[in-house]
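Look at TrEMBL and you will find 12-38, 50-72, 93-112, 118-134, 155-172, 178-195, 215-241, 247-267, 288-309, 329-348, 355-377, 383-405 tagged as transmembrane segment.
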Amino acid sequence: MIAFIKDFIAKKGIWVGLSLLISRLSAFLLSVFVARILSKEDFGAATFGLNFLTIFLAFSGFGAAQGVVKYGSSIADSLQKQLLFRYAFSYGLIYNFILTIVMLLVSCILYWEDFSKIYLIFLFSIRFLGMYLVEQKKAEYRAELDNQSFARFDIFLSLISFILGVGCTYFWQLNGFIFSLCISPFFLFFYDRRLSFSLKKITFDDFKSKEFWRFSWTTALTTQIGELVFILDIFFIGLLMQQQDVAYYKVSSMIPMNILVLGFIFMQTEYPKLCQHHRDKKYQYRFIFNYWKLFSAVGILILAVGLFFDKPILSIFGNQYQNTEIYRILLFAAVISLIFRVLFVYMLASIGKTVWNLIISLFMLFATSLSLYLIIPEYGLEGVSYVTFVCLALSGIFPAFAYFYESKKI
(Lines of atoms letter the chains of each structure in order from A; the text may use other names.)
(Lines give C-alpha, C1' and ligand atoms only; values in the text may rest on other atoms or scores of the structure.)
Protein backbone atom coordinates (compact mmCIF):
# COMPACT_ATOMS: atom_id res chain seq x y z
CA MET A 1 0.00 0.00 0.00
CA ILE A 2 2.95 2.32 0.67
CA ALA A 3 4.23 1.74 -2.88
CA PHE A 4 0.70 2.44 -4.14
CA ILE A 5 0.62 5.81 -2.40
CA LYS A 6 4.16 6.66 -3.58
CA ASP A 7 3.17 5.91 -7.18
CA PHE A 8 0.10 8.10 -6.75
CA ILE A 9 2.30 10.97 -5.55
CA ALA A 10 4.77 10.46 -8.41
CA LYS A 11 1.95 10.97 -10.91
CA LYS A 12 1.19 14.37 -9.37
CA GLY A 13 -1.74 12.77 -7.60
CA ILE A 14 -1.28 15.24 -4.76
CA TRP A 15 -2.08 18.03 -7.20
CA VAL A 16 -5.20 16.21 -8.40
CA GLY A 17 -6.18 15.55 -4.81
CA LEU A 18 -5.63 19.18 -3.88
CA SER A 19 -7.70 20.40 -6.83
CA LEU A 20 -10.60 18.07 -6.06
CA LEU A 21 -10.38 18.94 -2.37
CA ILE A 22 -10.50 22.67 -3.12
CA SER A 23 -13.26 22.12 -5.69
CA ARG A 24 -15.47 20.14 -3.31
CA LEU A 25 -14.62 22.26 -0.29
CA SER A 26 -15.36 25.52 -2.09
CA ALA A 27 -18.63 24.10 -3.45
CA PHE A 28 -19.52 22.83 0.01
CA LEU A 29 -18.74 26.14 1.72
CA LEU A 30 -20.66 28.00 -0.96
CA SER A 31 -23.65 25.71 -0.38
CA VAL A 32 -23.46 26.34 3.37
CA PHE A 33 -23.31 30.09 2.77
CA VAL A 34 -26.17 30.04 0.27
CA ALA A 35 -28.31 27.82 2.52
CA ARG A 36 -27.92 30.41 5.29
CA ILE A 37 -28.54 33.46 3.09
CA LEU A 38 -31.46 32.22 1.00
CA SER A 39 -34.84 31.07 2.21
CA LYS A 40 -35.61 27.35 2.07
CA GLU A 41 -37.87 28.00 -0.92
CA ASP A 42 -35.21 29.89 -2.92
CA PHE A 43 -32.46 27.40 -2.02
CA GLY A 44 -34.75 24.55 -3.01
CA ALA A 45 -35.54 26.23 -6.34
CA ALA A 46 -31.84 26.72 -7.16
CA THR A 47 -31.08 23.13 -6.14
CA PHE A 48 -33.87 21.88 -8.39
CA GLY A 49 -32.50 23.83 -11.37
CA LEU A 50 -28.95 22.58 -10.83
CA ASN A 51 -30.12 18.99 -10.53
CA PHE A 52 -32.11 19.28 -13.75
CA LEU A 53 -28.97 20.57 -15.46
CA THR A 54 -26.94 17.69 -14.00
CA ILE A 55 -29.21 15.23 -15.81
CA PHE A 56 -27.79 16.51 -19.12
CA LEU A 57 -24.37 17.72 -18.01
CA ALA A 58 -22.65 14.32 -18.11
CA PHE A 59 -23.71 13.99 -21.76
CA SER A 60 -22.45 17.43 -22.84
CA GLY A 61 -20.78 17.32 -26.22
CA PHE A 62 -22.03 13.73 -26.61
CA GLY A 63 -19.16 12.66 -24.36
CA ALA A 64 -16.32 14.18 -26.40
CA ALA A 65 -14.30 14.77 -23.22
CA GLN A 66 -14.57 11.07 -22.32
CA GLY A 67 -13.16 10.05 -25.69
CA VAL A 68 -10.32 12.57 -25.44
CA VAL A 69 -9.11 11.07 -22.15
CA LYS A 70 -9.45 7.45 -23.33
CA TYR A 71 -7.87 7.76 -26.78
CA GLY A 72 -5.73 10.86 -26.31
CA SER A 73 -3.76 9.26 -23.47
CA SER A 74 -2.74 6.37 -25.74
CA ILE A 75 -1.56 8.54 -28.68
CA ALA A 76 2.22 9.00 -28.66
CA ASP A 77 2.49 11.45 -31.58
CA SER A 78 1.91 15.02 -30.35
CA LEU A 79 0.52 16.22 -33.72
CA GLN A 80 -2.06 13.43 -33.82
CA LYS A 81 -3.00 14.23 -30.25
CA GLN A 82 -3.61 17.91 -31.06
CA LEU A 83 -5.67 16.94 -34.11
CA LEU A 84 -7.80 14.75 -31.86
CA PHE A 85 -8.30 17.64 -29.43
CA ARG A 86 -9.45 19.95 -32.24
CA TYR A 87 -11.70 17.34 -33.82
CA ALA A 88 -13.38 16.37 -30.52
CA PHE A 89 -13.89 19.98 -29.43
CA SER A 90 -15.41 21.11 -32.74
CA TYR A 91 -17.92 18.33 -33.24
CA GLY A 92 -18.61 18.14 -29.52
CA LEU A 93 -19.55 21.83 -29.52
CA ILE A 94 -22.14 21.27 -32.25
CA TYR A 95 -23.56 18.27 -30.41
CA ASN A 96 -23.68 20.34 -27.23
CA PHE A 97 -25.88 22.98 -28.90
CA ILE A 98 -28.22 20.22 -30.09
CA LEU A 99 -28.42 18.82 -26.58
CA THR A 100 -29.19 22.30 -25.20
CA ILE A 101 -32.23 22.52 -27.47
CA VAL A 102 -33.34 19.07 -26.32
CA MET A 103 -32.92 20.11 -22.68
CA LEU A 104 -35.08 23.21 -23.15
CA LEU A 105 -37.78 21.24 -24.98
CA VAL A 106 -37.89 18.65 -22.19
CA SER A 107 -38.24 21.41 -19.59
CA CYS A 108 -41.16 22.92 -21.53
CA ILE A 109 -42.92 19.54 -21.71
CA LEU A 110 -42.40 18.68 -18.03
CA TYR A 111 -43.07 22.11 -16.53
CA TRP A 112 -45.34 23.85 -19.03
CA GLU A 113 -47.59 24.97 -16.16
CA ASP A 114 -44.70 26.48 -14.18
CA PHE A 115 -42.92 29.16 -16.23
CA SER A 116 -40.51 29.98 -13.38
CA LYS A 117 -38.90 26.53 -13.67
CA ILE A 118 -38.61 26.78 -17.46
CA TYR A 119 -37.02 30.23 -17.15
CA LEU A 120 -34.57 28.97 -14.53
CA ILE A 121 -33.50 26.06 -16.76
CA PHE A 122 -33.13 28.48 -19.69
CA LEU A 123 -30.70 30.57 -17.62
CA PHE A 124 -28.76 27.46 -16.63
CA SER A 125 -28.32 26.59 -20.32
CA ILE A 126 -25.66 29.33 -20.30
CA ARG A 127 -23.80 27.38 -17.62
CA PHE A 128 -24.27 24.25 -19.74
CA LEU A 129 -22.18 25.78 -22.55
CA GLY A 130 -19.54 27.04 -20.14
CA MET A 131 -19.19 23.65 -18.46
CA TYR A 132 -18.69 21.97 -21.85
CA LEU A 133 -15.74 24.28 -22.57
CA VAL A 134 -14.31 23.62 -19.11
CA GLU A 135 -14.61 19.83 -19.33
CA GLN A 136 -12.96 19.74 -22.77
CA LYS A 137 -9.98 21.70 -21.49
CA LYS A 138 -9.67 19.43 -18.45
CA ALA A 139 -9.82 16.36 -20.69
CA GLU A 140 -6.96 17.68 -22.83
CA TYR A 141 -4.74 18.15 -19.79
CA ARG A 142 -5.56 14.64 -18.56
CA ALA A 143 -4.93 13.09 -21.99
CA GLU A 144 -1.47 14.67 -21.94
CA LEU A 145 -0.95 13.06 -18.48
CA ASP A 146 -0.33 16.60 -17.21
CA ASN A 147 -2.02 16.27 -13.83
CA GLN A 148 -0.36 19.40 -12.49
CA SER A 149 -1.79 21.69 -15.21
CA PHE A 150 -5.17 19.99 -14.87
CA ALA A 151 -5.14 20.64 -11.13
CA ARG A 152 -4.06 24.28 -11.40
CA PHE A 153 -6.80 24.97 -13.93
CA ASP A 154 -9.40 23.29 -11.72
CA ILE A 155 -8.23 25.19 -8.63
CA PHE A 156 -8.40 28.51 -10.51
CA LEU A 157 -12.01 27.93 -11.59
CA SER A 158 -13.06 26.62 -8.18
CA LEU A 159 -11.80 29.73 -6.41
CA ILE A 160 -13.40 32.01 -9.00
CA SER A 161 -16.73 30.20 -8.60
CA PHE A 162 -16.56 30.47 -4.82
CA ILE A 163 -15.68 34.18 -4.77
CA LEU A 164 -18.32 35.07 -7.36
CA GLY A 165 -20.93 32.91 -5.65
CA VAL A 166 -20.42 34.43 -2.21
CA GLY A 167 -20.28 38.01 -3.47
CA CYS A 168 -23.24 37.83 -5.84
CA THR A 169 -25.45 35.87 -3.43
CA TYR A 170 -24.71 38.27 -0.58
CA PHE A 171 -25.73 41.33 -2.60
CA TRP A 172 -28.48 39.94 -4.89
CA GLN A 173 -29.67 36.74 -3.15
CA LEU A 174 -31.14 34.12 -5.54
CA ASN A 175 -30.59 36.18 -8.71
CA GLY A 176 -26.98 36.75 -7.73
CA PHE A 177 -26.41 33.06 -7.04
CA ILE A 178 -27.81 32.08 -10.44
CA PHE A 179 -25.73 34.77 -12.17
CA SER A 180 -22.52 33.51 -10.53
CA LEU A 181 -23.24 29.91 -11.55
CA CYS A 182 -23.84 30.92 -15.17
CA ILE A 183 -20.86 33.23 -15.62
CA SER A 184 -18.10 31.52 -13.61
CA PRO A 185 -17.19 28.76 -16.16
CA PHE A 186 -16.34 31.38 -18.78
CA PHE A 187 -13.46 32.64 -16.63
CA LEU A 188 -11.50 29.82 -18.26
CA PHE A 189 -10.64 32.36 -20.98
CA PHE A 190 -8.62 34.33 -18.41
CA TYR A 191 -6.55 31.16 -17.86
CA ASP A 192 -6.28 29.71 -21.36
CA ARG A 193 -7.74 31.48 -24.40
CA ARG A 194 -6.78 28.83 -26.95
CA LEU A 195 -9.73 27.45 -28.91
CA SER A 196 -9.28 25.56 -32.15
CA PHE A 197 -12.38 24.92 -34.26
CA SER A 198 -12.39 22.84 -37.44
CA LEU A 199 -14.92 20.44 -38.98
CA LYS A 200 -12.33 18.88 -41.27
CA LYS A 201 -12.49 15.08 -41.30
CA ILE A 202 -9.40 13.50 -39.76
CA THR A 203 -8.01 9.96 -40.05
CA PHE A 204 -6.32 8.63 -36.93
CA ASP A 205 -3.65 5.95 -36.96
CA ASP A 206 -4.81 3.86 -33.98
CA PHE A 207 -8.60 4.09 -34.19
CA LYS A 208 -11.51 5.21 -36.36
CA SER A 209 -13.67 8.23 -35.63
CA LYS A 210 -16.73 5.94 -35.36
CA GLU A 211 -14.97 3.99 -32.63
CA PHE A 212 -14.14 7.26 -30.84
CA TRP A 213 -17.73 8.48 -30.85
CA ARG A 214 -19.16 5.06 -30.00
CA PHE A 215 -17.02 4.95 -26.86
CA SER A 216 -17.69 8.63 -26.11
CA TRP A 217 -21.46 8.58 -26.29
CA THR A 218 -21.72 5.17 -24.59
CA THR A 219 -19.54 6.33 -21.70
CA ALA A 220 -21.34 9.67 -21.54
CA LEU A 221 -24.75 8.00 -21.57
CA THR A 222 -23.60 5.65 -18.82
CA THR A 223 -22.26 8.57 -16.80
CA GLN A 224 -25.45 10.51 -17.41
CA ILE A 225 -27.64 7.66 -16.25
CA GLY A 226 -25.32 7.13 -13.29
CA GLU A 227 -25.71 10.80 -12.39
CA LEU A 228 -29.46 10.43 -12.80
CA VAL A 229 -29.49 7.62 -10.26
CA PHE A 230 -27.63 9.91 -7.85
CA ILE A 231 -30.07 12.81 -8.23
CA LEU A 232 -33.34 10.93 -8.65
CA ASP A 233 -33.99 11.40 -4.95
CA ILE A 234 -33.88 15.20 -5.27
CA PHE A 235 -35.90 15.07 -8.50
CA PHE A 236 -38.75 13.01 -7.01
CA ILE A 237 -38.76 14.99 -3.78
CA GLY A 238 -39.17 18.16 -5.86
CA LEU A 239 -41.91 16.47 -7.89
CA LEU A 240 -43.91 14.92 -5.04
CA MET A 241 -43.05 17.07 -2.02
CA GLN A 242 -42.34 20.72 -1.14
CA GLN A 243 -39.31 22.92 -1.97
CA GLN A 244 -38.29 23.03 1.70
CA ASP A 245 -38.13 19.21 1.66
CA VAL A 246 -35.69 19.46 -1.26
CA ALA A 247 -33.51 21.84 0.77
CA TYR A 248 -33.63 19.61 3.87
CA TYR A 249 -32.66 16.44 2.01
CA LYS A 250 -29.96 18.28 0.06
CA VAL A 251 -28.33 19.43 3.30
CA SER A 252 -28.51 15.92 4.81
CA SER A 253 -26.86 14.37 1.73
CA MET A 254 -24.27 17.05 1.04
CA ILE A 255 -21.48 15.79 3.31
CA PRO A 256 -21.99 12.04 2.64
CA MET A 257 -21.99 12.52 -1.14
CA ASN A 258 -18.91 14.74 -1.01
CA ILE A 259 -17.00 11.90 0.65
CA LEU A 260 -16.86 10.24 -2.77
CA VAL A 261 -14.31 12.83 -3.87
CA LEU A 262 -11.67 10.83 -1.99
CA GLY A 263 -12.11 7.93 -4.41
CA PHE A 264 -12.37 10.19 -7.44
CA ILE A 265 -8.98 11.67 -6.56
CA PHE A 266 -7.30 8.30 -7.03
CA MET A 267 -9.37 7.16 -9.98
CA GLN A 268 -9.00 10.40 -11.96
CA THR A 269 -5.25 10.28 -11.40
CA GLU A 270 -4.89 6.60 -12.32
CA TYR A 271 -7.52 6.29 -15.06
CA PRO A 272 -5.29 7.30 -18.03
CA LYS A 273 -2.66 4.85 -16.81
CA LEU A 274 -5.25 2.10 -16.31
CA CYS A 275 -6.33 2.67 -19.92
CA GLN A 276 -2.73 2.18 -21.04
CA HIS A 277 -2.59 -1.10 -19.08
CA HIS A 278 -6.04 -2.30 -20.11
CA ARG A 279 -4.62 -5.70 -21.13
CA ASP A 280 -2.39 -6.13 -18.08
CA LYS A 281 -4.52 -8.13 -15.63
CA LYS A 282 -1.85 -8.18 -12.92
CA TYR A 283 -1.47 -4.40 -13.00
CA GLN A 284 -5.23 -3.88 -12.72
CA TYR A 285 -5.75 -6.47 -9.98
CA ARG A 286 -2.87 -5.03 -7.97
CA PHE A 287 -4.46 -1.59 -8.21
CA ILE A 288 -7.83 -2.93 -7.00
CA PHE A 289 -6.22 -4.71 -4.04
CA ASN A 290 -4.32 -1.59 -2.96
CA TYR A 291 -7.38 0.62 -3.45
CA TRP A 292 -9.43 -1.66 -1.23
CA LYS A 293 -6.80 -1.73 1.50
CA LEU A 294 -6.55 2.05 1.56
CA PHE A 295 -10.23 2.94 1.32
CA SER A 296 -11.50 0.28 3.71
CA ALA A 297 -9.43 2.01 6.38
CA VAL A 298 -10.59 5.43 5.19
CA GLY A 299 -14.23 4.28 5.23
CA ILE A 300 -14.02 3.06 8.84
CA LEU A 301 -12.50 6.39 9.88
CA ILE A 302 -15.23 8.34 8.05
CA LEU A 303 -18.00 6.37 9.77
CA ALA A 304 -16.42 6.77 13.20
CA VAL A 305 -16.04 10.54 12.89
CA GLY A 306 -19.24 11.16 10.91
CA LEU A 307 -21.52 9.25 13.27
CA PHE A 308 -19.97 10.52 16.49
CA PHE A 309 -20.13 14.18 15.44
CA ASP A 310 -23.38 14.00 13.45
CA LYS A 311 -25.26 16.83 15.19
CA PRO A 312 -22.33 19.31 15.23
CA ILE A 313 -21.73 18.58 11.54
CA LEU A 314 -25.32 19.26 10.50
CA SER A 315 -25.54 22.35 12.71
CA ILE A 316 -23.13 24.23 10.43
CA PHE A 317 -25.99 24.56 7.91
CA GLY A 318 -28.22 26.22 10.48
CA ASN A 319 -30.42 25.31 13.42
CA GLN A 320 -33.29 24.31 11.13
CA TYR A 321 -31.33 21.23 9.98
CA GLN A 322 -31.05 19.02 13.07
CA ASN A 323 -32.54 15.59 12.24
CA THR A 324 -29.59 13.20 11.82
CA GLU A 325 -31.44 10.02 10.76
CA ILE A 326 -31.28 10.70 7.01
CA TYR A 327 -27.67 11.88 7.28
CA ARG A 328 -26.62 8.64 9.04
CA ILE A 329 -28.24 6.40 6.43
CA LEU A 330 -26.63 8.31 3.57
CA LEU A 331 -23.23 8.24 5.29
CA PHE A 332 -23.24 4.42 5.24
CA ALA A 333 -24.39 4.50 1.60
CA ALA A 334 -21.54 6.83 0.64
CA VAL A 335 -18.87 4.61 2.23
CA ILE A 336 -20.16 1.53 0.38
CA SER A 337 -20.20 3.52 -2.86
CA LEU A 338 -16.65 4.74 -2.19
CA ILE A 339 -15.33 1.19 -1.85
CA PHE A 340 -17.21 -0.39 -4.75
CA ARG A 341 -18.99 1.94 -7.18
CA VAL A 342 -16.31 4.60 -7.63
CA LEU A 343 -13.69 1.91 -8.25
CA PHE A 344 -15.43 -0.52 -10.59
CA VAL A 345 -17.20 1.99 -12.83
CA TYR A 346 -13.73 3.31 -13.74
CA MET A 347 -12.23 -0.20 -13.97
CA LEU A 348 -14.87 -1.34 -16.48
CA ALA A 349 -14.30 1.81 -18.56
CA SER A 350 -10.52 1.24 -18.54
CA ILE A 351 -10.93 -2.15 -20.26
CA GLY A 352 -13.48 -0.76 -22.72
CA LYS A 353 -16.51 -2.52 -21.22
CA THR A 354 -18.68 0.52 -20.57
CA VAL A 355 -21.69 -1.37 -21.92
CA TRP A 356 -21.89 -3.11 -18.53
CA ASN A 357 -22.01 0.25 -16.78
CA LEU A 358 -24.79 1.27 -19.16
CA ILE A 359 -26.87 -1.87 -18.56
CA ILE A 360 -26.47 -1.67 -14.78
CA SER A 361 -27.24 2.05 -14.73
CA LEU A 362 -30.39 1.57 -16.82
CA PHE A 363 -31.60 -1.15 -14.46
CA MET A 364 -30.85 0.96 -11.38
CA LEU A 365 -32.55 3.97 -12.99
CA PHE A 366 -35.76 2.04 -13.52
CA ALA A 367 -35.68 0.31 -10.11
CA THR A 368 -34.88 3.51 -8.22
CA SER A 369 -37.52 5.58 -10.04
CA LEU A 370 -40.23 3.02 -9.36
CA SER A 371 -39.19 2.65 -5.72
CA LEU A 372 -39.13 6.39 -5.06
CA TYR A 373 -42.48 6.95 -6.73
CA LEU A 374 -44.09 4.28 -4.56
CA ILE A 375 -42.29 5.02 -1.30
CA ILE A 376 -42.29 8.85 -1.05
CA PRO A 377 -46.07 9.27 -0.51
CA GLU A 378 -46.00 6.73 2.34
CA TYR A 379 -42.60 7.13 4.01
CA GLY A 380 -41.37 10.60 3.02
CA LEU A 381 -37.72 11.64 3.28
CA GLU A 382 -36.63 8.71 5.44
CA GLY A 383 -37.98 6.30 2.83
CA VAL A 384 -36.01 8.16 0.16
CA SER A 385 -32.79 7.74 2.14
CA TYR A 386 -33.25 3.96 2.43
CA VAL A 387 -33.94 3.67 -1.31
CA THR A 388 -30.76 5.66 -1.99
CA PHE A 389 -28.79 3.36 0.33
CA VAL A 390 -29.88 0.21 -1.51
CA CYS A 391 -29.36 1.88 -4.89
CA LEU A 392 -25.78 2.96 -4.16
CA ALA A 393 -24.90 -0.44 -2.71
CA LEU A 394 -26.18 -2.38 -5.72
CA SER A 395 -24.72 0.10 -8.24
CA GLY A 396 -21.31 -0.75 -6.80
CA ILE A 397 -21.68 -4.51 -6.32
CA PHE A 398 -23.06 -5.21 -9.82
CA PRO A 399 -20.12 -3.49 -11.63
CA ALA A 400 -17.69 -5.45 -9.42
CA PHE A 401 -19.15 -8.76 -10.61
CA ALA A 402 -19.17 -7.52 -14.22
CA TYR A 403 -15.54 -6.41 -14.07
CA PHE A 404 -14.20 -9.69 -12.68
CA TYR A 405 -16.24 -11.59 -15.28
CA GLU A 406 -14.82 -9.52 -18.16
CA SER A 407 -11.27 -9.38 -16.79
CA LYS A 408 -10.98 -13.17 -17.14
CA LYS A 409 -10.98 -12.62 -20.91
CA ILE A 410 -8.00 -10.23 -20.85
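Backbone N, Cα and C define each Cβ position, glycine as well.
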Check the transmembrane segment (383-405) against the transmembrane segment (329-348) for contact, please; criterion is three or more CB pairs under 8 Å, pairs 6 or more apart in sequence.
yes
Taking contact to mean 3 or more CB pairs closer than 8 A (sequence separation of 6 or more), are the transmembrane segment (118-134) and the transmembrane segment (215-241) in contact?
no
Contact check, the transmembrane segment (247-267) vs the transmembrane segment (12-38), 3+ Cβ pairs under 8 Å, seq sep 6+:
yes
Top stretch among 12-38, 178-195, 215-241, 329-348 for CB pairs under 8 A with the transmembrane segment (355-377)?
215-241
Where else in the chain does the transmembrane segment (178-195) make close Cβ contacts, counting only residues six or more beyond its ends and a cut-off under 8 Å?
46, 49-50, 89, 120, 123-124, 126-127, 129-131, 133-134, 137, 153, 156-157, 160-161, 164-165, 167-169, 172
